[in-house]
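Working notes, structure below.
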């Protein structure tokens, strides 16, 4: 799709609720958080079609038909995507300027839709070839690979026989096909990797004696195919559709069209190949995609991010090539908004997840997939075999460990860092823990505070006495004050939601999870808003409309945002609304960190006199920290007037 088309379609998708559009064509019923309807794309008798406003997609759990609002209208009315988009604009009274853009879409967009139709038809033939009784040997092969009928149907797996059977089928149907779709013109079949032409001008099948994997885009269009050899080891193991207008490997992730239909999913397993996807899916982890032999690209990451995925779990092959691929991918992802984890293969003798499942079973595979390393743990393990035979080398190794923790670490893994380092260094555990905590707290402060906030520290602390002399009243009575800090930060900027990885969310109470979900839903619904505190009216209207049954939490959240918005003191101190266990003011922590690092080295050299002097300074800074704590707490409590 062209850039202009992508932008217009995305604008339409974000401007409406998919259920509001679909109910103009079929009857929908709300059940829970989703809407349901009788699927119009197959002979449905039950309400099998799920419509999810949060993800802006529909999916039939009977026929697996799925896609976004534009795809629904296009296929329901049997019109092009461009015409479907125009109809939605008019139906929902959207900005008429969108019509002008849509009408400028080139005829090439229409041709792409015809390619989708072409791919869909030939996909059916590949599947029919697989189910042909003459090809029972292929079913036997797949059965030995632990693929059953449900797997074949779910992943739309087919077979391309030998002897140009696809070419013969095309010839026998050519007259009818060419009337329905001019993409069956022979040069189009070559362009889309169904036929090849030899040096004598004769046509042949592109795929021969290969298992066929269907590749979809995120809109559930069949965009290409990949064929795996069965017997002929002299040819490439995989043969893929060549790059076309609709198939670009740097934009497509295998199985992503299925992943985005999973409810409340924030994690994504990333593997290299098709069989690994199927294996992990069968191990009760359906949220898995394959990169199909390429690195994750910026286009991949933009696509993943647009569907609310927050945790990326790398699970590449367990060999030297896979290890290098993991390292390379980590370096690309290190500054991304995602939380990065790596499946810990340990020292098993299996190259990939498919081999592991064949040897140990799917239950054991599921447990292995749960053994994930945070990116910082992975990097620490990588350097663990460093030469430490001399004091100098050991010191360099220690500094490298601290550098990794400071640069890539996370406050939630402090205990793991301590356990790792105490095995090598003779450092008192509590002291080591404090030093690591300071490194990470300071790092997190750097990520959210600007120089102006730091320079205004003295001015802000002058407000402490006035603010803390009030009679404080907790805003969220059942949510502890540390969580209050986190809530305010998330209200200030949506990017901090990305810090809440799955492990953090699992620690929240039921009421805390509700608060986070409410804020998250608002940001998802209002995709252009990044700061709730600047849009309090919209937020209050949203929560009262959608969460009215949670009266207590709604009232308390309403009170919180109103206090922050209308209390002028918050204009000066809102930057200090930091989670106590995650964030603290940078200036003080810089000093404490510096002193403790000095003491760490002094402790190793038994310089007790200087240690005592530094401890006095640390106490002084900690006293100032207490005042800062009062300031933070006061900013989260209601000051009685």
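Backbone N, Cα and C atoms are what each Cβ position is placed from, and that goes for glycine too.
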**Q.** zinc finger per Swiss-Prot - which of 39-63, 64-88
**A.** 39-63
Q) What same-chain residues, at least 6 away in sequence, bring their CB to under 8 Å of the CB of residue 317 (Mg(2+) 1 binding site)? A) 272, 325, 351, 352
Q: For the binding-site residues 272, 319, work out the Cβ neighbour count at 10 Å and name the residue with the minimum.
A: 319
(Q) Six or more residues beyond either end and a Cβ under 8 Å away: which residues meet both conditions relative to the zinc finger (39-63)? (A) 13-14, 17-19, 22, 25-26, 28-29, 33, 69, 72, 75-76, 260-261, 263, 307-308, 521, 524
Q: Run through the domain 'Toprim' (266-348) and tell me, per DSSP, how many residues are helix, strand and coil.
A: 32 helix, 17 strand, 34 coil
Q) Going by DSSP, how much of the zinc finger (39-63) is helix, how much is strand and how much is coil, in residues? A) 0 helix, 8 strand, 17 coil
